[in-house]
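Asks: Pasting a structure below so you can have a look.
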Amino acid sequence: MNGTEGQNFYVPMSNKTGVVRNPFEYPQYYLADPWQFSALAAYMFLLILLGFPINFLTLFVTIQHKKLRTPLNYILLNLAVANLFMVLMGFTTTMYTSMNGYFIFGTVGCNIEGFFATLGGEMGLWSLVVLAVERYVVICKPMSNFRFGETHALIGVSCTWIMALACAGPPLLGWSRYIPEGMQCSCGVDYYTPTPEVHNESFVIYMFLVHFVTPLTIIFFCYGRLVCTVKAAAAQQQESATTQKAEREVTRMVVIMVISFLVCWVPYASVAFYIFTHQGSDFGPVFMTIPAFFAKSSAIYNPVIYILMNKQFRNCMIMTLCCGKNPLGDEETSAGTKTETSTVSTSQVSPA
């Protein structure tokens, strides 16, 4: 084996030289140079600096502006809450442990950090699924005269919590476990060891299929059908400038969403699956650290895509920051860009 396994940890380095130490008790500077740990801490600080304001502002602006309290925006708010979970309970912990060079908070802290990081990530991922399904049902109309209302939104939000807890909870209850990963400064599910006493392999397979492949498939299906529907509508109404604009806006949003999803999550999932299928092989600590930390940047990408690209949200944010005035003068224009398209007409194709 090219790693060192101990109680509640796995260090991706052989202990033949005797230098490997418990990542809960000693700095891990034999895995990487101190400046690399400092770079991770600086990166996490940047994510906190960007992620907290934009997600908190999303919640604050929605509470302040009644016109934003629409069923579809419940999902957007849930997305912001998920990102705040990641920022407050995951990023802050990882920043501090990176500054110290090891997971200073012990096994209990590792379980807490791993749980909230996984919970936040899964809540965000399943929120994207609910948004994709909502867009598909409203625009593609597989059910005629369907109106996405408050009840549907609350059901969607509840589903994101149920699915997130179904992924983040089992390692705390004895099905798999959370351990330090990569450079040992953040915690995640144990992909590294079979650990039969906690049925680790079955949980990783379950997590990969149910909580990664399934949502990815749903998102691609829904947005793929959405693009086809918009193109078909544009072909039937060649002279409709509104439809042409809707096609461009929806297509742009879909492309950005898909790219950001792939950039954030596929590297992490791919590396995790490789480690799981090649347990005991030789790979360095940075091999898992880079994709794991990069996946955390989804806390910034998501609100940019689903909120800042929406004129109504954007203008309300500007008005809040500018004490009720919009220096861009788009108040009236923004009113026409409806976030609540899912609650109104079923006869038009409308971008989110």
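Each Cβ is built from the backbone N, Cα and C atoms, and glycine gets one as well.
Feature annotation from Swiss-Prot assigns compositional bias 'Low complexity' to 337-352. The disulfide bond annotation in Swiss-Prot covers Cys110-Cys187 and is backed by sequence analysis. Annotation comment: Swiss-Prot describes 332-352 as region 'Disordered'. Annotation source Swiss-Prot lists topological domain 'Extracellular' at 1-36, 97-110, 174-202, 275-286. Look at Swiss-Prot and you will find 62-73, 134-152, 225-252, 309-352 tagged as topological domain 'Cytoplasmic'. Here Swiss-Prot flags 37-61, 74-96, 111-133, 153-173, 203-224, 253-274, 287-308 as transmembrane segment, drawing on similarity to another entry.
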Asks: Counting only other Cβ atoms and using a 10 Å cut-off, which of the disulfide-bonded residues Cys110, Cys187 scores lowest?
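Replies: Sparsest of the disulfide-bonded residues Cys110, Cys187 by Cβ contacts within 10 Å: Cys110.
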Asks: In the same chain, who gets a Cβ under 8 Å from the topological domain 'Extracellular' (275-286) while lying at least 6 residues past its ends?
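Replies: 1-3, 11-13, 28, 31-32, 36, 182-184, 191-194, 201, 204, 208.
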Asks: With the transmembrane segment (37-61) as the reference, find which of 111-133, 203-224, 253-274, 287-308 contributes the most Cβ pairs under 8 Å.
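Replies: Result: 287-308.
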Asks: Same-chain Cβ contacts of the transmembrane segment (203-224) under 8 Å, 6 or more residues past its ends?
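Replies: Here the qualifying positions are 122, 125-126, 128-129, 132-133, 135-136, 163, 166-167, 170-171, 175-176, 189-191, 254, 257-258, 261, 265, 269, 272-273, 276.
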Asks: Note the mean pLDDT of the topological domain 'Cytoplasmic' (62-73), expressed as a whole number.
Replies: 82
Asks: Through the lens of DSSP with three states only, how would you label Cys110 (disulfide bond)?
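Replies: Looking at the DSSP assignment, Cys110 (disulfide bond) belongs to a helix.
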Asks: Restricting to CB pairs under 8 Å, which listed stretch, 153-173, 253-274, 287-308, is in contact most with the transmembrane segment (111-133)?
Replies: 153-173
Asks: I'd like the per-state residue tally for the topological domain 'Extracellular' (275-286) from DSSP, helix first, then strand, then coil.
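Replies: Going by DSSP assignments, the topological domain 'Extracellular' (275-286) contains 4 helix, 0 strand, 8 coil.
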Asks: Where does Cys187 (disulfide bond) sit in the DSSP three-state scheme?
Replies: strand
Asks: Looking only at the topological domain 'Cytoplasmic' (134-152), what are its DSSP counts of helix, strand and coil residues?
Replies: 10 helix, 0 strand, 9 coil
Asks: Determine which residues of the chain contact the topological domain 'Extracellular' (97-110) at the Cβ level, with the cut-off under 8 Å and only residues 6 or more beyond its ends counted.
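Replies: Counting only partners 6 or more residues beyond its ends, the topological domain 'Extracellular' (97-110) has Cβ contacts under 8 Å with 8, 23-29, 34, 37-38, 40-41, 44, 178-180, 183-187.
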Asks: For a three-state summary based on DSSP, what are the helix, strand and coil counts in the topological domain 'Extracellular' (1-36)?
Replies: 3 helix, 6 strand, 27 coil
